[in-house]
């Protein structure tokens with residue numbers, strides 16, 4: 001616990017000190033990462049703690065964004081004096097109301113139906129918004145300007161970054177505090193055994209609506225921050241893409257741990273920032289990462305880290321080092337092969353390449369990994385196979401070895417290590 | 001009158017198409033409890049495979065082989081992915097298929113480009129079957145409806161009148177007992193998943209030649225199909241048939257009507273006041289026709305949360 005606190009404080013200090021040294025591009029990427037982190041944390045309140053899987057959280061994110069844009073317009077035209085720093089409060093309030101209304105409908109059903117209803121509600125907004133000019137500004141959307149407040153002009157990205165950071169830290173802090181309240185425990189109980197909640201005299205439907213509304217409220221804050229940062233919003237904030245990304249972030253990070261989704265959101269949005277500059281296929285890579293995590297690490301990155309921390313005294317680290325290094329190497333080989341194939345296909349199958357072939361009549365070599373490749377040269381396609389096949393073989397071997405070492409460890413110190421694992425798995 | 005008949009016809013045929021896709025979804029759900037988010041992706045894959053095959057061979061080869069290819073992909077997913085995460089619960093299966101949606105969409109974009117492809121029906125299918133009030137009604141629309149109808153009859157007979165159907169229904173109701181009686185239940189699951197995927201692939205192959213074939217088609221149709229299964233009640237074939245037709249007809253009528261809430265107020269003499277309000281009140285139904293299925297779903301949820309033919313939670 002003490003280490004966790006120190007780690008968080010160190011991270012916070014880094015987040016405060018580092019950005020002025022970075023370029024505007026990275027500052028902007030960090031703003032987006034922070035917003036994604038808050039959105040994922042808010043989403044996880046519903047999914048990880050409340051056990052209600054929503055596929056339409058973009059709705060509340062978008063409602064927050066549009067509320068703030070409207071308010072910013074009013075401030076800009078001098079209709080209402082409202083300090084820029086407090087704008088997310090308005091987004092939060094409106095999202096809370098919308099969340100309560102939507103939650104009333106959605107929580108009538110549970111499980112798969114709940115997921116579908118939330119998806120449909122977001123799609124309802126998404127299909128309505130482009131036609132409703134006064135409210136959502138049609139297809140072009142609405143835009144506005146940040147007004148100075150509290151002595152800050154909010155003209156530079158850096159000032160917006162610190163505004164975002166403060167709101168995100170406060171909101172994540174509140175979300176963490178929520179998990180420690182009796183109502184937070186009730187939320188967990190709702191996930192684990194709804195029947196029993198009713199049996200104990202609680203109003204399950206009412207509780208679900210409240211959890212849904214609170215989650216929507218914090219999503220609204222994230223949306224507000226997005227609107228403040230971009231100074232614009234259009235109907236695409238309601239799109240399935242936005243809802244999908246938060247699901248991806250949350251489950252890659254691991255929904256069973258409070259900080260999992262936050263880690264997932266930060267890692268993946270910075271990954272997107274770096275990769276989307278290089279390739280159009282970044283969404284494909286994210287999809288592959290997500291499916292791999294679902295298949296091989298169902299508790300996400302956070303779950304893997306947590307398991308390591310819990311077992312840190314019992315694991316035979318010296319004997320594990322070699323298989324871990326081997327797994328990393330093999331993983332890199334497989335990743336290289338995949339990236340190579342995808343990037344090659346992206347270039348060779350593109351319209352530009354087809355046009356060039358039609359123009360010159362020959363298949364020009366293309367560049368991947370800082371090397372030129374001939375399309376019809378056998379080595380071009382042998383290369384990924386040479387990486388992939390041994391890579392997969394080594395990966396299997398390494399993981400089999402790691403598995404035996406972990407399991408052996410369980411046998412060694414008996415029930416103590418096995419008990420928490422059983423508890424965790426029994427909880428589902 | 002013209003509007004009424006044409007809209008009903010279009011609506012019913014669109015509804016049949018929705019049913020073709022939702023039938024496989026609801027069949028799989030009823031049996032395995034897995035809501036396959038990637039089901040609409042199978043529809044898209046069917047259309048794209050058929051497009052490629054019709055370019056290489058001809059339209060009919062595409063129509064027959066594309067569903068088979070999709071079925072193979074479906075079975076691979078069931079065997080090597082869904083079965084693996086099954087132990088972690090239904091939520092994980094749902095999430096896995098959700099991730100696959102993006103992989104399929106991006107792969108299609110990678111191979112075919114992020115724009116519609118020119119998947120066309122052969123010219124000899126391009127004729128007017130009858131003349132309605134001076135406008136020709138395309139035969140291909142009727143063809144889509146016929147394929148769906150044929151599929152429904154085959155499915156119905158297969159499930160209720162044959163031994164295979166009996167085993168499938170047994171495996172659905174009481175998997176453990178079916179297994180104890182010597183039936184290979186995992187094999188049945190694999191088969192049903194493949195068959196469901198093939199149905200979606202077939203509808204993609206048929207409908208892709210009439211509606212645009214683009215990388216967004218999975219998401220566009222997918223959301224409507226999910227609305228269909230919620231309205232109809234998950235796991236009920238009859239329910240999804242009724243819901244598909246309802247949504248098909250409602251959407252097709254909504255496109256052609258310029259009613260708005262303001263005109264409703266006009267009936268009771270408040271028209272001018274309502275027109276003055278603007279915004280949502282004066283918006284014509286035709287421009288928000290895409291929202292009609294979702295509104296229908298909310299109404300059904302309020303009145304009958306289990307769906308039209310569904311059982312309780």
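Every residue, even glycine, has its Cβ placed from backbone N, Cα and C.
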Range annotated as transmembrane segment - as stated in TrEMBL, picked from B:118-138, B:139-159: B:139-159
B:164-187, B:188-211 - the range that TrEMBL marks as transmembrane segment: B:188-211
Contact between the transmembrane segment (B:217-238) and the transmembrane segment (B:12-37) (3 or more Cβ pairs under 8 Å, separation 6+): yes
Segment-segment contact (the transmembrane segment (B:188-211); the transmembrane segment (B:94-112)) at 3 or more Cβ pairs under 8 Å: no
Stretch of maximal Cβ-Cβ contact with the transmembrane segment (B:12-37) [cut-off: under 8 Å; candidates B:57-82, B:94-112, B:139-159]: B:139-159
